[in-house]
Amino acid sequence: MPAIQNEIAQLTAELNQHNYRYYVDDSPSIPDAEYDRLLNRLKALETEHPEFCRPDSPTQRVGGEALAKFEQIKHLKPMLSLDNVFDEQEFTAFNQRIVDKTGKDLSYCCEPKLDGLAVSIVYRDGVFERAATRGDGQTGEDITENVRTIKSIPLTLRGDNFPPLVEVRGEVIMPHKAFDALNERARVKGDKLFVNPRNAAAGSLRQLDSKITASRALGFYAYALGVVEPETWELADSHYGQLEQLRSWGVPVSQEVRGCETVAEVMAYYYDIQQRRSSLEFEIDGVVVKVNQIAHQLSLGFVAKAPRWATAFKFPAQEEMTLLEGVDFQVGRTGAVTPVARLKPVFVGGVTVSNATLHNADEIARLGVKVGDTIIIRRAGDVIPQIVAVVAEKRPDDAKDIVFPAHCPVCDSEVERVEGEAVTRCTGGLFCEAQRKEAIKHFASRKALDIDGMGDKVVEQLIDKELVESPADLFRLTASAMTMLERMGMKSATKLVAAIEVAKQTTFARFLYALGIREVGEATAANLAAYFKTLEALKAASAEEFIKVDDVGTIVAAHLAHFLAQPHNLEVIDKLVEAGIHWPAVEEVAEEDLSLKGQTWVLTGTLTQLNRNDAKAKLQALGAKVAGSVSKNTDCLVAGAAAGSKLTKAQELGVKVIDEEALIAILS
């Protein structure tokens, strides 16, 4: 067999196996990007050597075979898939083909490419009759009873202006919130977790017991009309218009659908929704672009398996395969020993990734991952890269278990894992150089003492050269001593000493936050300062007293009590006060001054007249909780210049939105 023919045969067999796992088992073994690469290679070879194209090639059909355990339904007309484009150049070429065939620039309808399971739903005389999966495009699986359980799908159409028979085509998805809840239930039971919402939606839809499907909180969005009878029934003459008709009949249609008149508008839509991707309630992997006018769709027609008038404009891959080459153990500010996977560098989500946290021993056990494994790495938006699965069939014979060290890799102190906690910790405290470095970085950080010029590299050098051992030592530094540091001349050293002096004037809340007590963030520190008002009162408090403070539960109270019971911590606090750190007295706040008590506020965009931290502190002083994200519980969003996805979400949820001028008026 010629080498090319052999490669085509091997690629066909491999892709068919991946198709079966993806469409039938709902258990994909490789990322979408890897599948696309294999498929594109096969397409290229078949184009060059059509005589070797096999009848079972995945390029000759759509999707996978119907499951035998469900009844099979022949579609009223084929459910085809879409061709893909992966960048602006490829989309421009797609548009040019449209222009060449029609002789004119056409408008487009754009919508999110939902990452779920395509289904066909038939209504007869306005009543839900049956539903089927796409299957192989010609025949699908009868999932009528399962789809009937999806609450967003109407069992009867609204109004009376719908055709006697109408087929609705769309995507069944699992919203992020439902996916997280499903996996949390599985985690509690010790069951296997779903890798992503797409797998969860597909697995839920193919349950033989529809009660299980009903418990999974699936969603649905229509993306097209299928067969309509009689064919003479008057429908909108544009794709966008037909989606609006579906919406008027009570069928869910995504609010993200947009009409675009030009290629520039399509590109703007693509980049906008890509930026907002992580804030959407559902998973998407690109944008579907369709010629808007139905007459032009009909004239453009179809190729063998896809319409000429539509394409899927895919986002850069968020998942890739790579090799786990080793594991390093890092020690953080609170002594947490974190396993970090060293990866063979891989480009994913727009960046090259060479490391990924494994979090803790429980996560390693859940993944079943070993050194030497081929793993799937995921990076969505600005989210930290994470390992989501192991490709078990690629495991080498010499793969090694990941074993936590018995002693700290930095200071050799014993490590311990407290019962009920997932984290393993070094017991060395400030004796541990790693913990000292992280503690002092935190102490000097912008939200703590805010020492201008005291960056991470400066702190690391101060520790390495034994100029500083605790935060209190910062206030004994001299300019001449700091000239020992790399790239630190006398002028820079003098400036840094002056910044340290300025940092002595702070607030009680910032001081408490700077101490780095476990679980004590900015908001908790502010609540503690407001409640106790003085350092002496705080030091004298018991765990029972701490629990009386807003947002302080038993765990945080225990951490506070433990921290303040350690002689070396009290010694550091005393030395800091002796060094001259001070703050204005915390004044009693009258109840009438807490005008925002119980409210949740969010800040977004750039504030031009207020420092963001000052605005946050002033809102908290009025009793507000300042959150980092918008939800249905948000009372007000302050939108500065260039506000982004938070503003969009607030508008969708009907949250009150004000500008910076209105905020200043409230705070004055």
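Note: Cβ is positioned from N, Cα and C throughout, glycine not excepted.
Bear in mind that the values here come from a model prediction, so they are computed numbers and not experimental data.
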* To do: With D32, A33, E34, Y35, D36, S81, L82, E111, E171, K290, K314 listed by Swiss-Prot as binding NAD(+), identify the candidate in R130, R134, R148, R333 belonging to that site.
  => R134
* Asked: Any idea what DSSP makes of C411 (Zn(2+) binding site), helix, strand or coil?
  -> coil
* Asked: Which residue, of the binding-site residues L82, C408, C426, has its CB surrounded by the fewest other CB atoms within 10 A?
  -> L82
* Between C411 (Zn(2+) binding site) and D36 (NAD(+) binding site), how far is it from one CA atom to the other, in Å? -> 47
* To do: Out of K113, C408, C432, point to the one nearest K290 (NAD(+) binding site) in space (Cα versus Cα); all of them are recorded positions in the record.
  => K113
* To do: If we count other C-beta atoms within 10 Å, could you say which of the binding-site residues D32, E34, D36 has the fewest?
  => D36
* Please spell out the DSSP helix, strand and coil residue counts for the domain 'BRCT' (591-668). => 30 helix, 17 strand, 31 coil
